[in-house]
Amino acid sequence: MATAPKEVENAIGLEEIHTEKQEPPKGQKTFTVEEAVETIGFGRFHILLFLIMGSTGVAEAMEIMLIAVVSPFIRCEWQLQDWQVALVTTMVFFGYMVFSIVLGLLADRYGRWKILLLSFLWAAYFSLLTSFAPSYTWFVFLRAMVGGGVSGHAQGLIIKTEFLPTKYRGYMLPLSQIFWLAGSLLIIGLASVVNPTIGWRWLIRVASIPGMLLILVFKFIPESARYNVSTGNVTAALATLRRIAKMNRAVMPEGVLREPTKERRGRFKDLIHPKYLRTTLQIWIIWLGIAFAYYGVILASAELLERDLVCGSAAAPVQDSGDDSEESRSPCHCRLFGPAAYQTMIISTAGEIALNPLNILGINFLGRRLSLCITMGCTALFFLLLNICTSSAGMIGFLFMLRALVSANFNTIYIYTAEVYPTTMRALGMGTSGSLCRVGAMVAPFISQVLMSASFIGALCLFSSVCAVCAISALTLPIETKGRALQVCV
């Protein structure tokens, strides 16, 4: 075979990326990974992929939601003030923010699968250590380390995205929310049983089990074929595609697998090049706002249950009827959750799946941008409605709808971000977006757990305003990814 001269592969002209390619024999057919994925189609491999990679959401949800259900207990044990309780959540997301960028860079350079495995080992290790924390300071530090590990779980979504055919991405990726919901409900259910009996430390230990079990099944999922091709490892990519075709009982495309090798991957300056600058900035704003609203709702729910903040009251907390346990009569300045509080949390959390069918329809028929604009706008509205003085059932209804809407927002922006960036910078794009969104998550505790106690309407108006800005930003995104093939390079 003859060797072709080096040629420029970078379409936006950031730098000249040279590759040496071998021309196939005259008349030899060739195909790309994108064509292979579309030809093989959806089948048993993708169901296995959905179950294993989707289950990473169970572990992530349990670790993130854990703080909401143990906050009253650590508040009592260490006699914490409001800002100290808020700082725990903030430091979790600080760890997430720092590690998200680092792990995104490493994933684009060394592989999605390796970073996903590393992140699970890291999170499980530090989560277990947290259960033995001797003091508040150690607890905060160790939970920050857990947040750093959890940030790598996003590689599971990227692997799913890079293996799914185009027409299935808008359906399968939103369904992954089921796993996050399962993790959230599981940790609340466990908390209602474990916290009053053997304590919050054992709850943390139990919560780390799903992550450990998932590590054992990662071997069934291969490295992304798109990533392997982007690094020049065509042999591994071809072996992976053949394995998928065999599992799906499908046929491979005819010819030779060919795609250019990218020598430089995961460069931050690609994200801010004029071709992607506006998209990147608007995505960052949206991610920050969505995380601010999402964790604001979760923590606000906990505050509404732990204290009597409904109708702007700052009165002493009212005990749950029928709950005369010793922990409910704790002499601490905080109020521990009773059965009714856990029940309310379960009902509101279940709202995360309520709009999933409508969200899937919106994503696939209205497009990613318009669908996100609508759900963000409705989120802004329901934050304001939460200020209406209503019954306990009415409050639960508003929280239910808010959880449904903020969940739909996350579904859509995850899909959009994974689709809009090319393979050579997809993990970095997700990593930086995830990192910026944690800024919103870091601020949320101080609004939900500190400002809300001082000014209930002020906190709600702030949440609503941020959501309105995100709705406008979503509508004006320059690229619509509905029906668009995943890009290989910039």
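Heads up, the Cβ atoms here are built off N, Cα and C, so glycines get one too.
Feature annotations, courtesy of TrEMBL:
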TRANSMEM  47-71  transmembrane segment
DOMAIN    49-482  domain 'Major facilitator superfamily (MFS) profile'
TRANSMEM  83-106  transmembrane segment
TRANSMEM  113-132  transmembrane segment
TRANSMEM  171-194  transmembrane segment
TRANSMEM  281-300  transmembrane segment
TRANSMEM  340-358  transmembrane segment
TRANSMEM  454-477  transmembrane segment
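When pLDDT values are averaged over the domain 'Major facilitator superfamily (MFS) profile' (49-482), the model yields 82. Here the listed stretches are 83-106, 113-132, 171-194, 281-300, and the one with the most C-beta pairs under 8 angstroms to the transmembrane segment (47-71) is 171-194. Away from its own ends, the transmembrane segment (171-194) comes close to residues 46, 50, 53-62, 65-66, 69-70, 157, 160-161, 164, 200, 202-203, 206-207, 210, 337, 339, 342, 345-346, 349-350, 352-353, 356, 359-360, 363-364, 407, 410-412, 414-415, 418 of its chain (Cβ-Cβ under 8 Å, at least six residues beyond either end). The largest share of C-beta pairs under 8 angstroms with the transmembrane segment (454-477) comes from 281-300, of the ranges 83-106, 113-132, 281-300, 340-358.
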